[in-house]
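Chemist: Please find one structure pasted underneath; my questions will follow.
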Amino acid sequence: MSFYKKINLIEQLLANFFTRVILYLTDGFLIAGAGLIVPIFAIFVERIGGSLIEVGIASALFSFTAGIGILIISRFEDAHNRNFRQFVVLGYLLALTGYLNYLFLSTVTHLYFAQVLLGIASAVRVPSYDALLSRNTPNHLAVAWGNWNAVVYIVSASAALIGASIASAYGFKLLILVMVFLSSVAFLLSLALLKVKTLKSTIKKSAKFEESL
């Protein structure tokens, strides 16, 4: 193996590693934000004038939108598979926008809108996220997804306890502010995915140029 091919291999391994770290961190922060309110979502909906039926409708709207959206959007994303990173970033931005809507909720109708927006965010993010994580761990898929599931369960458990404590002691307004903050961190971290891609692309071009000399 030539020197430049070795450099390229090392760069590829580093790019894959940093991509995985960023993906775990971004989803960790987003799940932490969502997990704060999930266990007490019914109480939150009742506080803005909703009933238990409307709690069910709000939850169903998110799940239906995400599920149907994934069926449609995943096919579009597969046709543009060089843009997985951009779709992931867009998904985090939409999620942040959805949680920002929570700050101004005053009616159940507005809640429904926020839930649909969060469903669209998941539909945009999840297929590309899954493809990107799998692509960057070609030989260790079980470990990669095992790590992701561990993050989901551990973060969700911690967020449930913290969210209930914050809402009980300080109210839902502060809780939602924390959700927005965590979602903002997830979005900002996701931008690093574009930087890793740019760095990787730049080094490859440089190596090819040197090899042609």
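Placement of Cβ uses the backbone N, Cα and C atoms for every residue, glycine included.
Quick paste from TrEMBL:
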type: DOMAIN; residues: 13-213; note: domain 'Major facilitator superfamily (MFS) profile'
type: TRANSMEM; residues: 21-45; note: transmembrane segment
type: TRANSMEM; residues: 51-74; note: transmembrane segment
type: TRANSMEM; residues: 86-105; note: transmembrane segment
type: TRANSMEM; residues: 111-129; note: transmembrane segment
type: TRANSMEM; residues: 150-168; note: transmembrane segment
type: TRANSMEM; residues: 174-194; note: transmembrane segment
Chemist: To the transmembrane segment (111-129), which of 21-45, 86-105, 174-194 is linked by the most Cβ pairs under 8 Å?
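Modeler: Looking at each of 21-45, 86-105, 174-194 in turn, the most contacts to the transmembrane segment (111-129) are made by 86-105.
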Chemist: Is the transmembrane segment (86-105) in contact with the transmembrane segment (51-74), using three or more Cβ pairs under 8 angstroms as the rule and ignoring pairs under 6 apart in sequence?
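Modeler: The transmembrane segment (86-105) and the transmembrane segment (51-74): touching, no.
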